[in-house]
């Protein structure tokens, strides 16, 4: 596991975006070789998306040969509802970049057969050759995607009922009206994310500090589903200083001492311009 | 959009540019980005899609950095295009950071460029066409040719010639005729010829038909609500979807409120040709702040913001009292658009000096020669309002007043792609109708 600690949210977002940028460019994606990217929603990745858009606008990064798979979507929420993850992805990312619509995949929470939709999603991932890099965020209770505490650590894409805490936390997006908050979602499983060749977890803010502690300093535990990635051969946690507040000084010092090594992953930052014929 | 990666490949002097007609400065055909060709467009329609980029569009009452997408003359919802059709733009137009706003709508324009819509000339349609074409330069994409008080034979002759029609490269669209008179007050008739004024016999459809003939192409009627039997006429017109405007009137506030309750929605050139504001009877002006109109209804009012016909202080009073009802109109007359100097217009000699048109040899104003873009700029400066408010007063508000805001006056998805490109001084640079460029500076 790598733990990359940046001073603040903006720097953490930029570091993550640079890393994704370099990974895509180094992969040399082309028509018969797509880079497959798993993507999260929520407030944490917004800064990272902004940076990726910047890189696209400056001509340094293209998503033409990138396929994306989103982690989750609400059940029964109209697709064009402003809080749907379709709307989120369109407004915060897709409309700004050159990705082709058929290469984006978001679970359809309005499908007539929800489990069939989930199964098809898994098959689509397999057909795309698996996921090269899965980017995720976590909740304060350590959930990854909508794999709430107690979710099986080998779970696959499926329908999930949300924990009361999550519903209450989400009420702010639905006019503080609990009755309007969706109570079910479709989500990739912990196992689905574990199958990715690499996993990147973004964790920022003091309110996520305890989850980060549970994720990396305690054992693997299905009550903190993100801790499953201790078992993944290639996981990179990217966090800000605030998120380290519950970690031991020794842990923080150890990983900060490795920053000069980790920074080599994003320096130099590559540009697609250098790869154009 | 999807396969276009900057720097885009330009198509110089391309004949197949999606925005046909005049070729804008920067149209890019999307033909593959970094490498390779575009995949086939899986759209439900084969019609080309144009994406206007690098612009601030006036949407939801604010300017926002968004692209504007157009297909088949309508504003396209790009999110639906993306997720439902998996489609993308065929062309991109670089707007160079300018503003895109809905095209202006002028609901009161009597003529211009030497043409008077109220004259039953031998070529009425030709005259309207000349004005319709020229006002594209002012950012006007739709208008209501306005006829002042005339005898019935003129109405019967002119009205059938002035058809409601879509705009295009040949000129701004006609939303319908604005009939200003003849059912107006003699005391407040202004320049309307007194011998042709009329009153309602019963106020129903018979009076209207006798005077005007068929009302098929009529969008608005300005009348004085204090005339006997006006209530029936107001209900009849409103029921047919024709906007009723109060003007050239001696009405007090309660008469004006009753007219609104019967369906009237507009006030013709506020302050002008009506009783002046009085604190015990505010008259028609009082409609701006009345609480005696049906809930959910908005009263709109026309303002000639040319800096001559309305004092800036009066403009500010109206705007601050009722910003959501302000509709900019030019009320332009024959002399609008003519060069400075002396002109013979009908029986009249007119001197044009700057923004003033005088009866020759006098200092008597002979009507407004304002253009809509000028009124928008002037209104913004003297009212201190936002760019958004200035632009909406000439687009959204008139569309709402006429009940056509589901297709005109906004750039909401699914509405007609009638829009203008402006710089930050609100100078119109390009005009589009149904997604097609019809004028550019």
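Heads up, the Cβ atoms here are built off N, Cα and C, so glycines get one too.
As annotated by TrEMBL, domain 'Amidohydrolase-related' applies to B:99-438. If you average pLDDT over the domain 'Amidohydrolase-related' (B:99-438) in this model, you get 94.
Annotation source TrEMBL lists Zn(2+) binding site at B:180, B:248, B:269. There are 27 other CB atoms within 10 A of the CB of residue B:180 (Zn(2+) binding site), with all protein chains counted.
If you look up TrEMBL, you'll see B:191, B:272, B:273, B:280, B:309, B:365, B:366, B:367 marked as substrate binding site. Long-range C-beta contacts of residue B:367 (substrate binding site), restricted to its own chain and to partners at least six residues apart, with a cutoff below 8 Å, comprise B:110, B:191, B:331, B:332, B:333, B:334, B:335, B:357.
Residues annotated as active site, proton donor/acceptor in TrEMBL: B:331. Counted within 10 Å of its Cβ, the other Cβ atoms near residue B:331 (active site, proton donor/acceptor) come to 25, all protein chains included.
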Name the secondary structure element type, per DSSP in three states, that contains residue B:180 (Zn(2+) binding site).
strand
How big is the substrate site in terms of the longest C-alpha to C-alpha distance among B:191, B:272, B:273, B:280, B:309, B:365, B:366, B:367, in angstrom?
33
Fewest other Cβ atoms within 10 Å: which of the binding-site residues B:248, B:269, B:280, B:309 wins that one? Let me know.
B:280
Beyond B:180, B:248, B:269, what residues of that chain have CB atoms within 8 A of the centre of the Zn(2+) site's CB atoms?
B:108, B:181, B:184, B:190, B:192, B:222, B:245, B:247, B:268, B:272, B:273
Cβ atoms near residue B:365 (substrate binding site) (within 10 Å, other residues, all chains):
15
Which of the binding-site residues B:180, B:248, B:269 has its Cα nearest to the Cα of residue B:365 (substrate binding site)?
B:269
On a C-alpha basis, identify the one among B:280, B:309, B:366 that is nearest to residue B:269 (Zn(2+) binding site); the candidates are the binding-site residues.
B:309
